[in-house]
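Now, the feature entries from TrEMBL:
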TRANSMEM  A:12-31  transmembrane segment
TRANSMEM  A:43-64  transmembrane segment
TRANSMEM  A:76-100  transmembrane segment
TRANSMEM  A:120-138  transmembrane segment
TRANSMEM  A:150-170  transmembrane segment
TRANSMEM  A:190-210  transmembrane segment
TRANSMEM  A:219-244  transmembrane segment
TRANSMEM  A:274-294  transmembrane segment
TRANSMEM  A:306-324  transmembrane segment
TRANSMEM  A:336-358  transmembrane segment
Amino acid sequence: MNPQQENLISPAQAIIIIINYILGVGILTLPRALADEVGTPDIWITILISSIFPLAVGFIILMLNNRYPKKTFYQYSYKIVGRILSIIICLSMVIYFITLTSFEVRILAEVTETYLLEDTPIQILIILFLWLTLYLNVDGLNSIARMFQIIFPLTVFIFILLALMSLGLFELKNLRPVLGGGIGPVLKGIKTTSLSYIGIEILIILSAFLTDPKKGKKVVFVGVLMPTIFYLVTIVIVIGALSLDGVGNLTWPTITLIHSFEFPGIFFERYDSLFLTIWILQIFATISITLYAASLGLSQLFNKEIKTFMYILLPVAFFISMLPQNLQQAFSLGDMLGNAAILLFGIIPIMLLVLSFLRRKHS
Amino acid sequence: MKHIFILLRRSFQLVILIPLLAGCWSSRDIEKLDLLIGVGVDTAQEENITSSYYGADSLLTVTYQMAKIKSNQGQNTKKQEDKPYTNVEQTGASLIETAREIIQLRKNTVNGQHQRLIIISREVAENRSIREILDFFIREPEARMSMLVMITDGLAKDILDYMETDDIPSMHIYDITENFDKSNKLLERKSLAKINALMEAQASFILQNVVQTDGELKLSGAAVIKGSTLKLIGFLTEEELKGINWITAQTNGAIVKVEEEGSDKPIIYEQELLKSKITPTIEDDKLSFQVKVKSEGLIIEVATNTESFSEEKTRRKLEEQIAEEIKKEIQTTLERIQKDLQVDVIGFHDYVRIKYPEFWKEHQSDWDTIFSQAPIDYEVQITITDFGLGIQN
């Protein structure tokens with residue numbers, strides 16, 4: 001059975017899938033991670049520079065995909081590197097996607113436990129979210145896309161609202177001087193930021209589902225541009241309000257920012273729950289699409305029904321998510337995933353692209 | 001066989017739904033919560049020391065102020081001593097220890113999500129880095145970073161237990177700070193979020209001082225915290241705060257009194273607009289600052305019978321007189337913080353950091369010393385735009 005046939009998505013849906021996938025843990029931790037790494041208030045420049053990389057990766061994957069239209073990477077890779085190598089690469093990608101699912105759901109549960117449901121065991125939170133993910137997944141990519149279409153406008157609305165509310169704390173001096181330490185420190189943060197753009201790799205399956213494959217470039221461009229804007233706004237308001245020194249010792253600087261303002265007279269006082277709502281939706285979106293990507297990989301490799309693998313992968317994801325003993329280990333798992341993403345989706349597609357050109361020439 | 005299979009599958013599906021029933025796992029009823037509004041930190045009071053387990057000098061007495069949630073509004077007889085709050089005092093070596101002690105006293109759980117204020121007594125702040133005291137509130141996810149941090153000259157527990165109004169003292173103090181816009185004898189609100197940044201940067205700063213005068217609570221003056229040690233090193237008076245507010249230009253609430261030449265009767269200027277500009281300069285490795293203060297305002301109270309103010313000459317003279325007065329206030333403050341206390345509590349370092357990043361990097365660690373030796377020039381420009389509604393004959 002080929003799940004692609006009944007599951008085509010429009011370019012607009014593809015864009016929303018990419019945006020929802022990219023926005024994730026980074027929006028909570030990026031200000032701190034970057035502040036530590038860069039050490040000058042110029043970290044917003046780092047974001048701008050770093051956004052080139054996901055664009056490049058996106059276009060390379062797109063070029064590769066366009067050589068094999070209507071097929072996902074899992075289906076065509078054997079034509080380039082042969083059966084065995086192809087299985088190894090595809091399985092690594094499946095492992096990557098399922099580990100990413102576990103990592104994101106773990107962070108989701110950690111934050112929920114810290115700020116919202118103190119007494120609830122973390123396992124319960126993880127299981128609940130994974131079940132919801134499964135529920136969304138069984139009807140295929142199309143229903144995932146439609147769900148994201150609901151989530152996305154809500155996210156934009158609440159995000160803009162909270163950004164405006166925190167303007168009261170904003171001080172421009174915290175973002176100055178621009179390039180006071182030169183361009184050197186700015187470049188130091190590029191790797192850290194690139195990890196926040198994890199998500200663009202979904203193109204290796206996504207472009208095969210497009211109703212209008214010619215719009216692929218637009219999908220990549222807008223799909224990277226929007227999260228860049230989100231990250232920029234987040235960085236600017238968090239650093240502008242809390243200052244570079246002030247975020248260094250905070251685990252979740254963005255939530256702390258929302259903890260830091262108050263509007264007297266309004267009945268509703270805890271805006272962090274509002275923010276956490278959209279953030280949880282974003283993570284939910286991410287884990288939905290990664291679980292789908294992993295299941296699709298297995299289903300196309302072994303030519304079996306995709307639902308079976310969704311059920312099989314669910315406990316696997318739960319198991320992996322319980323592996324980190326504490327938050328620090330979970331964060332380092334995230335770093336590992338980032339490195340794996342650079343190898344799997346940054347370097348390998350370039351090599352395959354070159355190889356496939358060579359093959360074409362030979363024949 | 002097939003039926004049994006379906007039945008099994010159905011019941012399995014139901015079983016895995018059971019954890020969903022725990023949807024309100026972490027819910028807590030509001031009647032069973034003690035809403036924490038303010039916290040006061042003192043050094044241990046002698047009568048409270050029960051154990052000699054820790055060195056007595058390192059013990060803290062922490063006052064937790066909680067709002068009383070009236071469960072039955074219908075009770076008509078309002079007793080005289082019915083306070084809307086409850087204070088619980090506990091002594092221990094760390095804040096969390098004292099917070100945990102409350103559990104043994106109160107049937108309700110303490111909820112810190114609405115805490116507005118933390119008051120640290122002078123004695124504690126002089127002997128300990130205030131980072132030690134505030135650390136718990138930065139780490140605890142329940143605590144809000146918007147809470148204000150203040151110092152008191154006396155005892156924090158006394159401040160939190162004043163009786164004059166039927167208000168909760170912590171809320172009362174918190175609300176007074178909103179008047180910053182109307183008075184330049186107050187200090188700009190300093191929330192924990194901002195103080196955390198200052199502490200991490202090891203910058204010196206000032207905190208609002210709360211005092212008790214004749215049964216009233218008053219925000220009066222400021223406590224100076226030195227960046228390198230994060231300990232309290234002195235106080236600024238209300239008058240000295242004025243000078244700081246002229247330089248930072250955050251409030252519009254200033255009035256200036258000048259005396260008419262000859263008659264000694266007051267003419268009062270009310271400031272409506274205030275702008276300031278601080279420019280650092282480095283020449284031959286010597287740092288200096290130029291401060292320009294510009295203010296517009298009106299003459300709001302006149303006790304003299306001066307001839308028409310509308311005359312250009314009179315107005316000019318008055319403007320100069322006012323500017324001189326403001327200069328005097330700035331000078332007093334600068335002398336106090338540069339010569340006596342030798343700390344940069346105004347934030348001059350930010351201007352150096354922005355304009356001379358290299359210089360800043362080099363001298364960041366001994367900034368307070370450099371600041372206290374830097375010459376500061378200041379000029380004040382006053383424009384009287386208006387004479388209020390009363391027209392002088």
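Cβ coordinates come from backbone N, Cα and C, glycine included.
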Message: Given a Cβ distance threshold of under 8 angstroms, which distant residues of the chain, six or more beyond its ends, lie next to the transmembrane segment (A:306-324)?
response: 1, 3, 98-99, 101-103, 105-106, 109, 123, 126-127, 130-131, 133-134, 137-138, 140, 291-292, 294-296, 298-299, 330, 332-333
Query: Do at least three CB pairs under 8 A connect the transmembrane segment (A:120-138) and the transmembrane segment (A:190-210), leaving out pairs fewer than 6 apart in sequence?
result: no
Task: Report the listed stretch (A:43-64, A:120-138, A:150-170, A:219-244, A:274-294) having the maximum count of Cβ pairs within less than 8 Å of the transmembrane segment (A:336-358).
output: A:43-64
Range from A:12-31, A:43-64, A:76-100, A:274-294 with the greatest count of C-beta pairs under 8 A to the transmembrane segment (A:219-244): A:12-31
Task: For the transmembrane segment (A:12-31), could you work out the same-chain residues 6 or more beyond its ends whose Cβ comes under 8 Å from its Cβ atoms?
output: 43, 54, 103-104, 107, 111, 144-146, 148-149, 151-152, 155, 192-193, 195-200, 202-203, 206-207, 209-210, 218-220, 222-224, 226-227, 230-231, 234-235, 238-239, 242, 247, 251-255, 279, 282-283, 285-286, 289-290, 331, 334
- request: Answer yes if the transmembrane segment (A:76-100) and the transmembrane segment (A:274-294) have at least three CB pairs under 8 Å among residue pairs 6 or more apart in sequence, and no otherwise.
  value: yes
- prompt: What same-chain residues lie close to the transmembrane segment (A:274-294): Cβ under 8 Å, and 6 or more beyond its ends?
  reply: 17, 20-21, 23-25, 27-28, 93-94, 97-98, 100-101, 104-105, 107-108, 111-112, 115-116, 129-130, 132-134, 136-137, 141, 144, 147-148, 151, 154-155, 158-159, 161-162, 199, 202, 205, 254-255, 258, 309-310, 313-314, 317
Statement: Within the same chain, the residues 6 or more beyond the ends of the transmembrane segment (A:43-64) and with Cβ under 8 Å of it are 22, 31, 34-35, 73, 175, 178-179, 186-187, 189-190, 193-194, 196-197, 199-201, 203-204, 207, 216-217, 220-221, 223-225, 228, 231-232, 235-236, 239, 345-346, 349-350, 352-353, 356
